[in-house]
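A.B. asks: I have a structure I would like to understand better, so I am pasting it below and will then ask my questions one at a time.
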Amino acid sequence: MKLYPRTSSGLFSLQSLLKSGFSPTLNSIDRFLRYLYRLQKFNCILQFYSQLDSKQININHRIYSIVSWAFLNLNRYEDAEKFINIHISKASIFPRTHMLDSLIHGFSITRDDPSKGLLILRDCLRNHGAFPSSLTFCSLIYRFVEKGEMDNAIEVLEMMTNKNVNYPFDNFVCSAVISGFCKIGKPELALGFFESAVDSGVLVPNLVTYTTLVSALCQLGKVDEVRDLVRRLEDEGFEFDCVFYSNWIHGYFKGGALVDALMQDREMVEKGMNRDVVSYSILIDGLSKEGNVEEALGLLGKMIKEGVEPNLITYTAIIRGLCKMGKLEEAFVLFNRILSVGIEVDEFLYVTLIDGICRKGNLNRAFSMLGDMEQRGIQPSILTYNTVINGLCMAGRVSEADEVSKGVVGDVITYSTLLDSYIKVQNIDAVLEIRRRFLEAKIPMDLVMCNILLKAFLLMGAYGEADALYRAMPEMDLTPDTATYATMIKGYCKTGQIEEALEMFNELRKSSVSAAVCYNRIIDALCKKGMLDTATEVLIELWEKGLYLDIHTSRTLLHSIHANGGDKGILGLVYGLEQLNSDVCLGMLNDAILLLCKRGSFEAAIEVYMIMRRKGLTVTFPSTILKTLVDNLRSLDAYLLVVNAGETTLSSMDVIDYTIIINGLCKEGFLVKALNLCSFAKSRGVTLNTITYNSLINGLCQQGCLVEALRLFDSLENIGLVPSEVTYGILIDNLCKEGLFLDAEKLLDSMVSKGLVPNIIIYNSIVDGYCKLGQTEDAMRVVSRKMMGRVTPDAFTVSSMIKGYCKKGDMEEALSVFTEFKDKNISADFFGFLFLIKGFCTKGRMEEARGLLREMLVSESVVKLINRVDAELAESESIRGFLVELCEQGRVPQAIKILDEISSTIYPSGKNLGSYQRLQFLNDVNEEEIKKKDYVHDFHSLHSTVSSLCTSGKLEQANEFVMSVLSCMPR
């Protein structure tokens with residue numbers, strides 16, 4: 001007997017029967033609902049059940065199951081959950097488990113809400129005693145791993161393996177968990193999980209698991225452990241495939257081990273494995289990220305040649321590398337190639353290009369790319385808009401970025417980018433507005449946003465709000481990181497709130513965060529507050545924790561201690577550090593030596609050096625330290641430091657360092673020490689160069705050892721060194737000073753014959769030497785024959801010739817030389833003019849002297865020199881103006897006296913260009929004073945006068961005269 005026809009109209013007639021009060025049997029209802037289920041009339045099932053429920057007709061567990069499945073098949077998971085929770089006890093074990101599997105799967109997969117699936121799973125285990133299948137547990141784990149929610153993934157895994165459920169998990173689950181930890185940047189947890197799984201005996205790893213394990217080890221930088229693992233697996237008979245090698249190579253790239261990655265790729269190819277599109281893409285991506293885009297492009301060509309078709313990931317990797325290097329046009333060429341071969345582009349590729357465009361500052365082109373995206377049917381997501389917003393902010397167009405953000409539904413990155421940009425320009429009003437919008441959007445705060453908000457509060461001086469936000473971080477499931485503590489400490493230190501900064505620093509010390517930047521910042525702040533003892537304690541703690549001391553912080557502390565306690569303060573610090581591991585404070589101790597040397601505290605510097613030697617530390621002598629000692633006429637101390645230093649110290653010294661000391665020793669007259677240091681350097685394997693020997697030759701000449709200097713010069717070629725222009729210049733100059741002009745000219749000719757080009761200084765040495773002795777004909781011969789065609793005479797050459805003729809009293813020739821070279825645009829210098837003016841004045845030819853004086857005062861080089869003296873004196877009246885006035889008044893002798901004063905001011909010792917003394921002549925020129933000062937720079941006149949007085953028995957007058965002259969010498 002049939003209770004219902006097999007037509008849709010029959011269905012409605014049965015429903016009509018129910019409405020009329022007819023009560024079918026449970027068996028009939030069951031058969032009817034199963035019939036509807038086979039027809040997938042799920043809505044009809046639910047409508048029919050609603051009528052049954054309204055009639056309060058009792059139904060059995062099979063009917064409850066059919067209704068539950070109807071809800072599930074209609075994806076009405078919330079209704080299904082509610083229905084199942086009410087009636088689950090009426091279902092048999094198998095259908096109940098199957099329904100829960102489907103319900104959890106529906107939320108986790110279809111709705112992409114694995115967290116809801118986890119809630120149902122917890123409820124199942126806690127309240128219903130129902131265990132979903134192992135497949136459900138595994139699918140939940142996979143979903144959480146994909147989302148990076150590893151805490152939830154591990155919770156599901158623990159439920160799966162507890163004693164009540166006791167489902168085994170396989171290598172695919174294990175590899176998924178390991179991969180998940182690596183993706184979130186916690187490879188150490190991946191390694192720990194693997195070791196626990198193996199140690200517990202629940203897992204026998206296969207190649208799949210080992211493949212993901214290699215990634216974790218590479219990320220941790222444990223390259224040697226990877227090699228050991230591979231060797232062990234080879235011994236156990238594992239055969240590696242392309243996937244294993246690709247993962248291994250990818251791990252090396254992520255760990256920054258480029259060379260190791262390329263070596264493994266070569267090994268893979270040598271073992272006969274052909275690269276596929278994945279392995280090629282990994283190589284290309286790794287090379288592009290390292291900046292080797294040209295090599296990546298070469299690989300792209302190779303893979304195409306081998307018949308391996310690049311995919312979108314391959315092309316995107318290269319385009320990202322090109323954009324990173326600023327090669328936008330090349331990136332767009334590749335982009336157009338992608339389009340031409342018919343590969344469908346995605347949003348990420350556009351984001352990559354837009355980011356590259358923004359970095360170049362071409363924002364108009366970036367907006368054009370947005371339009372191009374939409375034309376291709378790619379709807380820009382917040383990822384794209386965040387890229388544009390970031391580009392606008394980088395270009396300083398923060399207001400425009402703000403406007404763009406108002407047209408999209410922003411995320412935490414949107415608001416953190418805007419907030420950080422407004423903080424940088426210190427726009428407080430905009431900061432407050434962005435914060436308001438962020439709070440209104442009710443977006444969960446991440447750690448980056450929290451740190452930016454802290455920075456904003458501190459910028460505004462809202463220290464209470466900053467502290468409140470910091471205290472609220474645990475409630476938001478946020479853990480302070482290095483940036484958090486650094487931001488808070490910096491904010492407090494900036495306004496001098498050292499107590500609050502120290503309190504925050506103590507919070508850092510209690511945490512697991514180990515931030516060198518915070519230690520450095522607090523040390524710097526303590527130094528500024530003068531709390532040097534506390535700063536030293538923090539320094540010691542920093543080193544004990546193995547943290548890095550910033551060089552700026554180190555030097556700030558040293559300078560502060562020296563400013564407060566002088567040399568004793570530095571020595572106190574150094575002795576206080578003796579308890580520490582020697583190597584950690586090496587840099588600071590070397591800096592202490594440098595500081596003490598710069599301050600002229602050489603004894604203290606040597607004491608620090610001796611402490612370092614006792615501790616077996618490597619003392620570095622950078623050129624700055626050695627040069628400081630030499631510049632302070634402490635070459636002998638530098639010499640002693642070097643010869644008494646250990647092997648490790650000397651290994652850092654090169655020929656430049658030795659030459660600096662040798663040059664200083666020669667200048668200070670320690671020739672024997674200089675020669676000893678040469679031998680010492682050679683014994684340490686340092687090859688001395690021509691510059692070193694130039695210092696020695698010059699030192700010998702200065703000590704009157706010209707013969708020895710020439711012998712050393714002759715020996716240079718024997719030791720494989722070629723004398724330079726400087727070498728010849730030193731010897732020629734000193735030969736001329738000794739009056740050995742023929743030897744000087746022979747050396748000059750020898751120099752030219754060897755292909756060296758004498759400079760003007762060398763020629764001037766010979767010319768000036770001849771002129772000093774009045775041998776003007778020889779001087780002119782050198783100028784006309786030897787110089788011409790090789791080098792152009794300069795102002796010094798002209799002035800030397802003028803001086804020579806003036807000494808002979810031949811003013812006509814002196815004037816002729818002046819005029820001849822003037823016509824060639826070579827003017828005399830200050831002294832050339834002075835010699836001429838004095839010469840004509842002595843001859844009584846005052847008008848000619850006056851004309852030359854007038855010409856002198858418009859000479860560019862002379863005016864510059866006089867102005868330099870003016871600047872040094874800072875007098876209200878211009879010296880040049882005063883001289884012009886004297887010239888116009890015809891007072892040439894008085895002008896000469898002032899010019900002599902200028903000469904003695906510029907060259908007070910006759911040769912030192914760097915010392916100056918104050919002029920006292922602008923008003924009443926004291927004739928007697930000038931006369932006495934003339935003696936200062938004329939030793940022969942001084943000696944002659946003193947000798948004459950002594951010979952005639954006028955010792956008292958001689959003594960008074962000497963004291964008078966000494967009083968005029970520069971102090």
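Glycine is treated like the rest: Cβ placed from N, Cα and C.
Copied straight from Swiss-Prot:
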| type | residues | note |
| --- | --- | --- |
| REPEAT | 101-136 | repeat 'PPR 1' |
| REPEAT | 211-245 | repeat 'PPR 4' |
| REPEAT | 317-351 | repeat 'PPR 7' |
| REPEAT | 387-421 | repeat 'PPR 9' |
| REPEAT | 422-445 | repeat 'PPR 10' |
| REPEAT | 452-486 | repeat 'PPR 11' |
| REPEAT | 487-521 | repeat 'PPR 12' |
| REPEAT | 522-556 | repeat 'PPR 13' |
| REPEAT | 626-660 | repeat 'PPR 16' |
| REPEAT | 765-799 | repeat 'PPR 19' |
| REPEAT | 800-834 | repeat 'PPR 20' |
| REPEAT | 835-869 | repeat 'PPR 21' |
| TRANSIT | 1-64 | transit peptide |
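For each feature listed, report its degree of burial, its nearest neighbours and the pertinent distances within the displayed model.
C.D. replies: Residues of the same chain lying 6 or more positions beyond the ends of the repeat 'PPR 1' (101-136) and with a Cβ under 8 Å from any Cβ of it are 69, 72, 75, 77, 80-81, 84-85, 88-89, 93, 143-144, 147, 149, 152, 155-156, 159-160, 164-165, 167-169.
Through the fold, the repeat 'PPR 4' (211-245) approaches residues 174-176, 178-179, 181-182, 185, 187-188, 190-191, 194, 205, 251-252, 254-257, 260, 264-265, 267-268, 273-276, 278-279 of its own chain, all at least 6 residues removed from its boundaries and within a Cβ separation under 8 Å.
Secondary structure of the repeat 'PPR 7' (317-351) per DSSP (helix as H, G, I; strand as E, B; remaining residues coil): 26 helix, 0 strand, 9 coil.
Each residue in the repeat 'PPR 9' (387-421) has a pLDDT score, and their mean in this model is 91.
For the repeat 'PPR 10' (422-445), same-chain residues at least 6 beyond its ends with a Cβ under 8 Å from one of its own Cβ atoms are 398, 402, 410-412, 415, 452-453, 455-456, 459-460, 476, 478.
If one looks beyond the repeat 'PPR 11' (452-486) by at least 6 residues along the same chain, the residues whose Cβ comes under 8 Å of a Cβ in the stretch are 416, 419-420, 423, 426, 428, 431-432, 435, 444-446, 492, 494-495, 497, 500, 504-505, 507-508, 511, 513, 515, 517-518, 521.
Tertiary neighbourhood of the repeat 'PPR 12' (487-521): same-chain residues 451, 454-455, 458-459, 461, 463, 466, 470, 480-481, 529, 531, 538-539, 541-542, 545, 547-550, 552-553, selected by CB-CB distance under 8 Å and a gap of 6+ residues from either end.
Outside the repeat 'PPR 20' (800-834), and at least 6 residues removed from its termini, the chain residues within Cβ reach (under 8 Å) are 764, 767-768, 770-772, 774-776, 779-780, 783, 792-794, 840, 843, 845, 848, 852-853, 855-856, 859, 861-862, 865, 896, 899-900, 902-903.
Beyond its flanks by at least six residues, the repeat 'PPR 21' (835-869) meets 795, 799, 802-803, 806, 809, 811, 814-815, 818, 827-829, 879-880, 883-884, 887, 890, 892-893, 895-896, 899, 902, 905-906, 916, 919 of its own chain at Cβ-Cβ distances under 8 Å.
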A.B. asks: Grab the same-chain neighbours of the repeat 'PPR 7' (317-351) for me: Cβ-Cβ under 8 Å, and only residues 6 or more beyond its ends, written as numbers and ranges.
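C.D. replies: That would be 281, 284-285, 287-289, 291, 293, 296-297, 300, 311, 357, 359-360, 369, 372-373, 376, 378-381, 383-384, 387.
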A.B. asks: Within the same chain, where does the repeat 'PPR 9' (387-421) have neighbours whose Cβ lies under 8 angstroms from its own Cβ atoms, ignoring anything closer than 6 residues to its ends? I mean 6 or more beyond.
C.D. replies: 351, 354-355, 357-359, 361, 363, 366-367, 370, 427, 430-431, 434-435, 437-438, 441, 443-446, 448-449, 452-453, 455-456
A.B. asks: Pull the DSSP breakdown for the repeat 'PPR 13' (522-556) and write it out as helix, strand, coil residue counts.
C.D. replies: 26 helix, 0 strand, 9 coil
